[in-house]
Amino acid sequence: MKLPIYLDYSATCPVDPRVAEKMMQCLTMDGLFGNPASRSHRFGWQAEEAVDLARNQVAELLGADPREIVFTSGATESNNLAIKGVAHFYAGKGKHIITSKTEHKAVLDTCRQLEREGYEVTYLEPMPNGLFTLEQIEGALRDDTILVSIMHVNNEIGVVQNIAAIGELCRSRKILLHVDAVQSVGKIPVDVEALKVDLLSVSAHKVYGPKGIGALFVRRKPRVRLEAQMHGGGHERGMRSGTLPTHQIVGMGEAFRIAKEEMASEGQHIMALRQRLWDGIKDIEAVYINGDLEQRVPGNLNVSFAYVEGESLIMALKDLAVSSGSACTSASLEPSYVLRALGLNDELAHSSIRFSLGRFTTEEEIDYAIKLIRDSIGRLREMSPLWEMYKDGVDLNTVEWAHH
């Protein structure tokens with residue numbers, strides 16, 4: 001077993017060796033290095049063929065038509081293209097958008113930008129388990145609502161929203177539905193027909209593919225129109241200009257092919273490991289799980305250890321690669337906005353750790369992690385005056401702290 005142990009698969013995954021192998025064949029003179037848009041020679045045709053195959057592989061995992069797949073530089077761009085693209089194209093119909101407070105920053109900040117442009121955005125608040133009710137969404141719909149954007153699986157707490165029901169509602173009201181499926185695709189079944197989504201963002205690097213490549217599913221029937229956000233040579237049916245990076249697209253295709261084949265067995269393996277981890281730490285005193293445990297993706301475990309500072313715990317767990325909050329915002333010392341939206345107080349939000357398991361996680365690593373967590377929590381709490389007060393029966397919410 002090698003240290004440190006990687007338990008941060010929700011931040012990124014290592015590239016699967018089979019994917020890396022395929023990518024290597026698209027880079028050098030003796031490989032498929034051509035520009036897929038070069039129509040006048042074999043180098044271009046071969047590259048185009050490789051891109052077409054990958055487009056089919058991505059479409060197959062999503063239950064989509066390959067013509068509905070638009071390649072982008074990643075899910076951040078996919079989210080921007082979907083939300084701004086729809087908002088700008090349908091501005092004549094209305095300027096109201098609905099999303100949630102627990103979305104990824106790539107959705108929230110895109111909506112903030114649209115607010116600066118004169119659009120109105122409603123931010124829904126989740127229930128304490130991280131889920132939304134259909135009534136909440138229905139109650140927020142207006143005559144001028146043009147788009148609802150809700151993530152399938154949350155990146156911090158791993159809860160799975162009932163997208164099919166939301167899709168049904170939006171379809172009946174003729175409102176477009178965009179779904180950020182970065183954390184669900186390849187982990188749980190995602191079928192764009194069953195979910196009734198109009199736009200769906202995916203990324204390769206959360207599915208053991210390379211970073212820097214993603215895709216946006218854009219429905220053809222009923223047809224969804226977008227205003228391009230990147231202008232140039234008119235690639236990707238005019239929706240996203242820029243030379244297609246053959247090696248990255250091929251890598252994404254292979255990653256999605258493997259995911260389709262291995263998702264069921266891999267899900268069981270990861271679920272068993274997560275259960276092993278939770279069973280190993282759940283009897284520690286004052287430990288709380290964040291988000292619904294039933295409606296949850298297999299690899300995610302988000303836990304708050306009361307009376308332990310999250311940052312100091314991460315330092316104590318230096319042999320484990322874990323995070324507090326998401327990687328995208330972990331540089332800030334603010335408590336997780338996702339956990340705050342669930343109603344957690346600052347202290348509990350600050351003491352949360354996200355463990356995310358994946359394809360290459362082993363039982364041996366989980367057992368090592370359990371021992372390390374138990375030892376570290378015990379040691380850190382011994383040093384904590386708050387823990388001492390809690391053990392003495394002091395209700396810490398009633399304590400008046402002096403401000404100097």
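Easy rule for this one: first residue shown is 1, then count along the chain.
Every residue, even glycine, has its Cβ placed from backbone N, Cα and C.
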In Swiss-Prot, ALA75, THR76, GLN183, SER203, ALA204, HIS205, THR243 are given as binding pyridoxal 5'-phosphate, so which of ASN56, ASN155, ASN162 is in that site too?
ASN155
Among ASN155, GLN183, SER203, THR243, the one of these binding-site residues whose Cβ has the fewest neighbouring Cβ atoms within 10 Å:
THR243
Which whole number of Å gives the largest C-alpha distance between any two of ALA75, THR76, ASN155, GLN183, SER203, ALA204, HIS205, THR243, the residues noted as binding pyridoxal 5'-phosphate?
30
Just how many other Cβ atoms lie inside 10 Å of the Cβ on HIS205 (pyridoxal 5'-phosphate binding site)?
23
Count the other Cβ atoms sitting within 10 Å of the Cβ of THR76 (pyridoxal 5'-phosphate binding site), across every protein chain shown.
21
